[in-house]
Amino acid sequence: QEWSLPGTRVPPPADPEGGDANLRCVCVKTISGVSPKHISSLEVIGAGPHCPSPQLIATLKKGHKICLDPQNLLYKKIIKKLLKSQLLTA
């Protein structure tokens, strides 16, 4: 299955030497079981000094933002694909 969503983006990793004072996990609570058909865009924040695991933030079609469980098998595939595509375009 193809998981390219129109609003998908992978921001660059946080630069610890850049003085980013907001170095912490964005996703404290995650949800699994959200169907991709309800998602309008995705944002992947890779693991780094700010957070030990990747974070997957979904914007639902109704406008709500939620954090998806990065350990969910389906979401792991999405994260892997998005991070791979970022490396290819960098």
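Cβ coordinates come from backbone N, Cα and C, glycine included.
According to Swiss-Prot, the cysteine that forms a disulfide bond with C51, out of C25, C27, is C25. Between the listed residues T8, T59, Swiss-Prot assigns O-linked glycosylation site to T8, with no corresponding entry for the rest in that record.
In the three-state DSSP classification, S41 (phosphoserine) falls within a strand. Between C67 (disulfide bond) and I79 (heparin binding site), the C-alpha separation comes to 13 Å. The DSSP secondary structure for C51 (disulfide bond) is strand.
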